[in-house]
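As recorded in TrEMBL, the features of this protein are as follows:
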TRANSMEM  A:12-30  transmembrane segment
DOMAIN    A:70-293  domain 'ABC transmembrane type-1'
TRANSMEM  A:74-96  transmembrane segment
TRANSMEM  A:108-128  transmembrane segment
TRANSMEM  A:158-183  transmembrane segment
TRANSMEM  A:212-232  transmembrane segment
TRANSMEM  A:275-294  transmembrane segment
Amino acid sequence: MQKPRIRWHIAVFLAPAVLVYTAVMIFPLFNTLRLSLFSKVDQERVYVGLQNFQTLFGDPVWSEQFWNALGNNFWFFLIHMLVQNPIGIALAAILSHPRLRFAALYRSAIFIPTILSFVIVGFAWKLILSPIWGIAPGMLDAVGLKSLFAPWLGKEEYALTTLALISVWQFVGIPMMLIYAALLSIPEEVLEAGEIDGITGMSAFWKIKLPLILPSIGIISILTFVGNFNAFDLIYAAQGALAGPDFSTDILGTFMYRTFFGFQLQLGDPHMGSAIAGAMFAIILVGVCIYLFGIQTRMRRYQL
Amino acid sequence: MKRNIISLALAGTALVATSAYAEDVTLTIESWRNDDLTLWQDKIIPAFEAEHPGIKVKFTPSAPAEYNAVLNSKLDAGSAGDLITCRPFDASLALYDAGHLADLGGMEAMGNFSDVAKSAWQTDDGSASFCVPMASVIHGFIYNKDAFAELGIEVPNTEAEFFAALDKIKEDGSYIPMAMGTNDQWEAATMGYNNIGPNYWKGEEGRLALIKGEQKLTDPQWVAPYATLAKWGGYLGDGYEAQTYPDSQNLFTLGRAAVYPAGSWEISGFNALVDFEMGAFKPPVQNAGDTCYISDHTDIGIGMNAKTANPDAAKTFLSWVASPEFASIFGNALPGFFPLSSTPVELEDPLAKEIVGWRGECESTIRSTYQILSRGTPNLENDTWGASVAAIKGTSSPEELSQELQDGLASWYAPQQ
């Protein structure tokens, strides 16, 4: 009997990723969670257990802001699910049409905003929608719809939806690319077999392609969920840390930032900030678990 | 043998550092004003060194956004400069409490400043002062003189005249009456509420009474400014809800708006951009002849690192900063940042001169929310931004807004409970 060799190469190959990931992700994550159990009393850091969370959910000053941010976050996510992903799928379906000309051009054009910085996107859209210098009022005027224009980013009732749609504009390329790749991987034979059975055109999409790309849609949904609940940059770039007007665009990310680092005269409170970060982590964890155990395991997969 | 030489050398340097005042001492200044680097190097430092041979000064600023963090870590590590530029109120108070800033109360030159000027860098009870006040910014309204002349409008002194003037500009239609937006929120509070407010709450009297708990934010003098702000909405440009701070600056400097609710820090920027003549008027009073109050907000000070190796030289420098000579160099190089010393300074910029002249006619105060009252959660300053915006937009009534602010303040601030 030969002793099984220790397979060092596995450890060696894993090491760089594990070390880097531990140093920049896992350790900070747990350290943040640890920090949320402390508080600062008279210049000393003391252990307070779950008191920060109690303040966050029990004190009306904090809980009101938290639920407002969470509600806004759900709205932000909902818009992405209802607008970004269907449009992404539709674009992918159109792009994968064999007779479409300039497909590569459209594909790049739609994908380019994804690689732009949030700051550029936020600033560009602020200028486009600006009631003073923007081109949006002029364009609406040209088609006789000037009356529809409003300073959207400055109105409590529209600001969050506007920002969500800007984010959709920026990121619609991602679901499009993923679905596009999934659609291309569907073998011709399957579609031809369907054609023989009389399934063509739109019904081929609904009955053959859609069930086959469902796992990709699931992945996109979960990416959207995680992305949206971690969102911060666009709101911060467009509306600042106070997420105006009147906190109508405040999401968990901006709430956490304001609390952790402080704002204007408000001094930063790393411990309460960590508590909010902990709550965000829990929400995302629950969401991902629901998806993994509730949805993904029940999804039917087809061997192609 | 070698060790002996080193210890001798060490002893030698120690001797030099402690005894020889006549030898050159170098002072390093920590600051966030990297915009002012050339001003310090070309004007301020040479002027000081010419008068005080033996002391060399180095100005080493860091980026404004990083200043607090960089300074804190340098102070903790013991590598911070001898002189420290102070942010107003709690940021510097925290440094003093942590033992990083020295008490300057005993310095004779501190007598050159009024109590309001010193209040930004004092302990709550006023027993210790830890920074020499350098400059303040004054609020008021900057206006387009050409536009006023064209429309035949006189500079308003009372609130009725102010709104009459705005009505006239609006009626004429060639100018936006007032350039301000609510998108960035702070303008509404800083250039709105805290600009016009002191006339209602009688400056320091009301501000201190609020801190002591003798007045409440729901008292008429604190509610009325919101009612006045509510009238502003109609005179701001189309879509002011999404108008940002740079938008407002551009609207005014391009000559499209007639009045700009301002802070004096705009002066040097505006001077470079406008091609019309600018004037300024103070926040209007309610009735002709009322005492006027202005927000003369303390913004920059300078203090001494408690662990500096050259306390005497540092104090010499601070005394010089408190002198009229420094005030005149600083005030003229940065029009709009007004020296705080009680001796009047001759400024050359006409607009800055006009604004600083208000100090002689009106009572000075600082922004009501800055001292002590914005220390807790919810933060009164941030809430005031939101409330001022809501007042201008008319989304809540002034009474509701004041009640909310009062409830927020009372939730953590004992004297208001």
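Positions of Cβ are set from backbone N, Cα and C atoms, glycine also.
When each of A:12-30, A:74-96, A:212-232 is checked for Cβ pairs under 8 Å to the transmembrane segment (A:158-183), A:74-96 comes out on top. No contact links the transmembrane segment (A:74-96) to the transmembrane segment (A:275-294), because fewer than 3 Cβ pairs that are 6 or more residues apart lie under 8 A. Take the transmembrane segment (A:275-294) and the stretches A:12-30, A:108-128, A:212-232: counting Cβ pairs under 8 Å, A:212-232 has the most.
Remote same-chain partners of the transmembrane segment (A:212-232), defined as residues 6 or more beyond its termini with a Cβ less than 8 Å from a stretch Cβ, comprise 73, 76-77, 80-81, 84-85, 88-89, 167, 171, 174-175, 178-179, 181-183, 186, 190, 251-254, 256-257, 280, 283-284, 287-288, 291, 295-296, 299-302, 304. Beyond the ends of the transmembrane segment (A:12-30), by six or more residues, the same chain brings 281 to within a C-beta distance below 8 angstroms of the stretch.
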